[in-house]
Amino acid sequence: MLNSAMSVVILAAGKGTRMYSDIPKVLHTLAGKPMVQHVIDAATKLGAAQVHLVYGHGGELLKQTLKDDKLNWVLQAEQLGTGHAMQQAAPFFSDDEDILMLYGDVPLISVETLQRLRDAKPQGGIGLLTVKLDDPSGYGHITRENGKVTGIVEHKDATDEQRQIQEINTGILIANGADLKRWLSKLTNNNAQGEYYITDIIALAYQEGREIAAVHPARISETDGVNNRLQLSRLERIYQAEQAEKLLLSGVMLRDPARFDLRGTLHCGMDVEIDANVIIEGYVTLGHRVKIGAGCIIKNSVIGDDCEISPYSVVEDAHLEAACTIGPFARLRPGAELLAGAHVGNFVEMKKARLGKGSKAGHLTYLGDAEIGDNVNIGAGTITCNYDGANKFKTVIGDDVFVGSDTQLVAPVTVGKGATIAAGTTVTRNVADNELVLSRVPQVHKQGWQRPVKKK
């Protein structure tokens, strides 16, 4: 069916006392992203013309964290219930648009479920998302007559008979803007909590003869809210299990799906293998036949075909061409670039550095602010000294250079093609093509040398 224009209201004013945190509840993260951002993203994908965010506690921190100029920020100075929160947003509703109500602490709601709810909304009526629970205690119970939804009774206000009703309200609903404003204006706080319940609009709509269509989510976990860290941790595991399942079904080999975390977006080629305890953050692309060892962290990086990253390596904001090998225990920091066939071994760190085709840095090395050519050997213990205490400087190493172990290159410095730098050398001046450079303290031999003896 053809949907009306739609705006979304996200309720995010709660303090989250049971989180025991100075951070507003909706800013606590799931899969590396604030809970409320998951909800905002769902609203955006659904095609919301406007997203109204109702905030209260921690408003400044919310604005600093989300930094979204497309949000309409609506202050709820006093937390007097969900109906009161919607009343604060009501002046922004257009009469001819639909209004979808979501919650900033219900992060797993899916676009697919929301689209079904949107499609099911009757003309002039309400679309209501409900679930059935074995134990409905503490929730708002759905009342029906002859199968039709007639209202919602909060648990504290319900009779013993009503408390046995297993179908409960999730709080997510959609209605026309003009209708919603009219119903909101009629809400009262005559209940056990002394609050304005948004759920009371269901009875108001029924009294007007409007139809209420109840829709169930694909998974109950989509409507699970978060009130404490235990609940958040459970949703994290549900979310990660779902992501792992999608990857496995798309052909990615996760050696232990229960020990894999995706905290962003992952694009994979064919025959990718990922070992246990790997964390993917941000936007990551893995080419064909990539292998990621146990305990690695990959963030905002592109990994080319046939690359292998050995265990406990960290790759952040880096770009690897085909057939590169990394680690174990390597660290690629932002700006690291490896051309085809390059190798970075154990305890090697790169930052804003380019390692050419077939070049190798095998052990215990720091390469920062450096441009390194093709077929270069970087010996163990090599350091590019890029910082003078105030500014950073660049090291340039040409093709086919051999850098011996324990070499320091004091930037700015350039080493020409084919040059050889002897072990233990400190390079402070430019080196011409094909030169041999060495700087060592003369070796001294003392015959009959006696070691010092400790005093008794």
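Cβ from N, Cα, C; glycine included.
Swiss-Prot has this to say about the protein:
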type	residues	note
ACT_SITE	HIS363	active site, proton acceptor
BINDING	11-14, LYS25, GLN76, 81-82, 103-105, GLY140, GLU154, ASN169, ASN227, ARG333, LYS351, TYR366, ASN377	UDP-N-acetyl-alpha-D-glucosamine binding site
BINDING	ASP105, ASN227	Mg(2+) binding site
BINDING	ALA380, ASN386, TYR387, SER405, ALA423, ARG440	acetyl-CoA binding site
REGION	1-229	region 'Pyrophosphorylase'
REGION	230-250	region 'Linker'
REGION	251-456	region 'N-acetyltransferase'
Between ASP105 (Mg(2+) binding site) and SER405 (acetyl-CoA binding site): CA-CA distance (Å): 55
Cβ atoms near GLU154 (UDP-N-acetyl-alpha-D-glucosamine binding site) (within 10 Å, other residues, all chains): 19
Densest Cβ neighbourhood among ASN227, ASN377, ASN386, SER405 (binding-site residues), 10 Å radius: ASN386
Same-chain residues at least 6 apart in sequence whose Cβ lies under 8 Å from GLY104 (UDP-N-acetyl-alpha-D-glucosamine binding site): ILE10, LEU11, ALA12, LYS25, VAL26, MET35, VAL36, VAL39, LEU53
Secondary structure tally of the region 'Linker' (230-250) (DSSP, helix then strand then coil): 20 helix, 0 strand, 1 coil
Whole-number Å value for how far ARG333 (UDP-N-acetyl-alpha-D-glucosamine binding site) lies from ASN386 (acetyl-CoA binding site) (Cα to Cα): 15
Neighbourhood of GLY81 (UDP-N-acetyl-alpha-D-glucosamine binding site) by C-beta distance under 8 A, where only residues 6 or more apart in the same chain count: ASN189, GLN193, GLU195, TYR196, TYR197, ILE198
